[in-house]
């Protein structure tokens with residue numbers, strides 16, 4: 001029985017997948033805390049779709065996929081900020097326009113040059129078959145993002161919580177928004193290998209949303225989100241070995257189950273908890 005439970009750890013590809021997924025899940029969850037604070041969940045969705053043309057172009061020209069995806073994500077994020085600043089359109093309309101346009105462009109590129117692009121890897125991810133050079137790329141991305149987040153997390157928090165106060169103390173909202181979108185784009189690129197373009201949105205939203213239901217303090221929220229993101233990613237890869245199922249699907253399903261538990265039973269904001277308190281107060 002013990003041998004069966006430890007079997008996944010005897011394979012190098014499983015160890016690589018579990019370690020890498022844990023790191024990606026943790027850093028994406030850290031960013032999800034800020035998305036919850038600002039109400040920018042849709043932007044995570046936009047970036048997860050917007051990197052597709054960058055990946056397709058990179059594959060077509062035999063370039064590192066991470067390079068193309070990163071610049072496509074940055075271009076999408078800057079486009080959202082620019083269109084929002086010069087037009088009367090609401091933010092959700094701008095986000096919807098950008099991500100649908102970029103995703104359509106990516107599908108067009110794939111259809112024009114289908115042999116150069118592994119569509120399944122883009123859409124669904126392939127963490128179990130990740131190449132060593134991709135591991136190095138993802139490791140560098142995660143390391144740089146983590147260092148920058150640890151250096152600027154307080155400044156980002158102030159920008160997201162109160163821009164007026166941030167300007168008063170000499171911070172530039174535009175600079176820090178660009179920094180955040182750059183980090184988010186980089187982490188989306190890292191998560192592509194784990195869960196694919198479609199499910200990246202869950203990695204950068206669900207842990208933060210779950211933690212948001214459990215606490216009102218940002219620092220605690222971030223810690224809970226990181227733990228949830230890292231643990232579900234590790235366990236998801238582990239379970240997928242026995243299920244012989246899609247790794248990304250298992251990871252996101254676990255995160256969704258934890259969200260539902262928090263949604264129903266959170267001590268302060270849980271649906272059943274609030275209903276019980278309402279009945280007691282009658």
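The first residue you see is number 1, and the count goes up from there.
Any Cβ shown, glycine's included, is placed from N, Cα and C.
If you look up Swiss-Prot, you'll see 17-37 (among others) marked as transmembrane segment. Using a Cβ-Cβ cut-off under 8 Å and counting only residues 6 or more beyond its ends in the same chain, the transmembrane segment (17-37) has close neighbours at 8, 43-44, 127-128, 130, 135, 138-139, 142, 145-146, 149, 156-157, 160-161, 180, 183-184, 187, 190-191, 193-194, 200, 203-209, 211-212, 218, 221-222, 225-234, 236-238, 247, 251.
Per Swiss-Prot, the feature transmembrane segment maps to 63-83 (among others); the stated evidence is sequence analysis. Within the same chain, residues 43, 46-47, 50-57, 89, 91, 94-95, 97-99, 102, 133-134, 137-138, 141, 174, 177-178, 181-182, 184-186, 188-190, 192 sit at least 6 positions outside the transmembrane segment (63-83) and bring their C-beta atoms closer than 8 Å to a C-beta of that stretch.
With a cut-off of 8 Å between Cβ atoms, the residues of this chain six or more beyond the transmembrane segment (93-113) that come close are 42-43, 45-57, 60, 72, 76, 79-80, 83-84, 87, 119, 122. Positions annotated as transmembrane segment by Swiss-Prot, on the basis of sequence analysis: 93-113 (among others).
Taken from Swiss-Prot, the feature transmembrane segment covers 140-160 (among others), and the record attributes it to sequence analysis. Within the same chain, residues 23-24, 27, 30-31, 34, 37-38, 66, 166, 169, 171, 173, 176-177, 179-180, 183, 186-187, 189-190, 218, 222 sit at least 6 positions outside the transmembrane segment (140-160) and bring their C-beta atoms closer than 8 Å to a C-beta of that stretch.
Using a Cβ-Cβ cut-off under 8 Å and counting only residues 6 or more beyond its ends in the same chain, the transmembrane segment (164-184) has close neighbours at 31, 34, 43-44, 47, 73-74, 77-78, 81, 145, 148-149, 152, 155-156, 158, 204. As annotated by Swiss-Prot, transmembrane segment applies to 164-184 (among others).
The transmembrane segment feature in Swiss-Prot is assigned to 186-206 (among others).
The transmembrane segment feature in Swiss-Prot is assigned to 223-243 (among others). Within the chain carrying the transmembrane segment (223-243), a Cβ under 8 angstroms from the stretch's Cβ atoms is held by residues 7-8, 14, 17-18, 21-30, 32-33, 127, 194, 203, 207-208, 210-211, 214-215, 250-255, 258, all 6 or more beyond its ends.
According to Swiss-Prot, the feature transmembrane segment maps to 245-265 (among others). Listed by sequence, the residues of this chain that lie at least six past the ends of the transmembrane segment (245-265) yet keep a Cβ under 8 A from its Cβ atoms are 17, 21, 25, 124-125, 127-128, 194-196, 199, 202-203, 206-207, 209-210, 213-214, 228-229, 232-233, 235-237, 239, 271-273.
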